[in-house]
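Okay, structure first, notes after.
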Amino acid sequence: MKDPLLITKNEILRFYKPVNPHTHKGLQGHAVIIAGSYGKIGAAVLASKACLKSGCGLVTTFVPKCGYQILQISIPEVMVVTDENANFITNIHLPLIPQVIAIGPGIGQELGTQKALFEFLRTNRIPLVLDADALNILAQNQSWLELVPENTILTPHPKELERLIGKWNSESEKFQKTVAFSEKYKVIVVMKGAPTHIINKNEIYKNTTGNAALATAGSGDTLTGIITSFLAQGYEPKYAVKLGVFLHGLTADIALPQTGYQSFIASDIIENLGKAFLELDN
Ligand SMILES: NC(=O)C1=CN([C@@H]2O[C@H](COP(=O)(O)OP(=O)(O)OC[C@H]3O[C@@H](n4cnc5c(N)ncnc54)[C@H](O)[C@@H]3O)[C@@H](O)[C@H]2O)[C@@H](O)CC1
Ligand SMILES: Nc1ncnc2c1ncn2[C@@H]1O[C@H](COP(=O)(O)OP(=O)(O)O)[C@@H](O)[C@H]1O
Ligand SMILES: [Mg+2]
């Protein structure tokens, strides 16, 4: 295995684009987040809010009907499109063409949702971020991985990774198998952990920000929103993932002196995004 390259502030500043003073919301990108099911609409809220708070101009969130009021009330800035079904997603129909679509946080694995994901992947040509239950569904239907566009970003935590690539006997085998998976399906794998690694074919990157405060519910859902935001804003996938994991970790490093490890929650990631961006701008 090659030595991983470090994702540091200097590395990020090689491609980070400060916001253009003459930009407008139409130029800042439109992202769609497909997320949530009954009891897990919070995942949709966290991913969508993180996406907006990372600079995306417009965010439309697709949820089952039970998520409509929750989203409209908790994040008025987000537009909402609902599935025809009440409690889980069964038929993905979008009345718009966004720059990027993220799918998976909190969607569950109901058979109807699995079928909806298959139909969606069969017809979709828009760049994708796949997380959580979208990964669990693909792990059970590996042939559907052939349907994902080149450079799709997958963001598995270790258990989701194991479901996708099978068990490993050593750290080096885990990396070997993930590199092989990334090469086979031409996808970028964000191997979430402590620390997070990015596998882009045979290139391996290791993040240098973040701490155990991130070991909290919804932490990955916010990462999905952040990476999706950077894709919508025009970053190439290989840069969107680096910027996303770096800033996500940086929020926890910034917040730690105030929150300690225990009281930091996923909403604190979103709350500290502003300070994290300012560290890049200074
Ligand atoms: N507020 C919400 O609505 C939330 C919804 N969530 C959604 O809930 C669904 C289930 O996700 P979960 O990830 O909880 O369930 P999973 O069953 O996918 O993962 C949990 C398992 O993975 C293991 N695991 C997780 N991180 C690990 C790590 N770093 N190292 C080793 N093992 C690790 C755990 O020990 C556990 O066995 C997803 O759709 C997710 O998006 C979660 O994000 C939690 C918050
Ligand atoms: N001990 C840790 N140190 C650094 N980062 C961590 C640690 N534990 C978890 N994380 C990060 O938190 C996030 C957890 O993602 P995930 O398990 O998908 O959460 P959820 O599904 O609840 O949103 C990942 O980005 C992971 O790298
Ligand atoms: Mg997750």
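Here the Cβ of each residue, glycine as well, is placed from N, Cα and C on the backbone.
When TrEMBL records Gly106, His157, Asp221 as binding (6S)-NADPHX, the matching candidate from Ala31, Ala43 it lists for that site is Ala43. Binding of AMP is attributed by TrEMBL to Lys192, Gly193, Ala194, Pro195, Thr196, and within the candidate set Gly218, Gly220 the record adds Gly220 to that site. Listed binding-site residues near His157 ((6S)-NADPHX binding site): Lys192, Gly193 (candidates Lys192, Gly193, Pro195; Cα-Cα distance within 10 Å). When the Cα atoms are compared, Gly220 (AMP binding site) and Ala43 ((6S)-NADPHX binding site) turn out to be 9 Å apart. Other than Ala43, Gly106, His157, Asp221, the residues of this chain whose Cβ falls within 8 Å of the Cβ centroid of the (6S)-NADPHX site are, in sequence order, Ala35, Lys40, Leu46, Ala47, Gly104, Pro105, Asp131, Ala132, Gly218, Gly220, Thr224.
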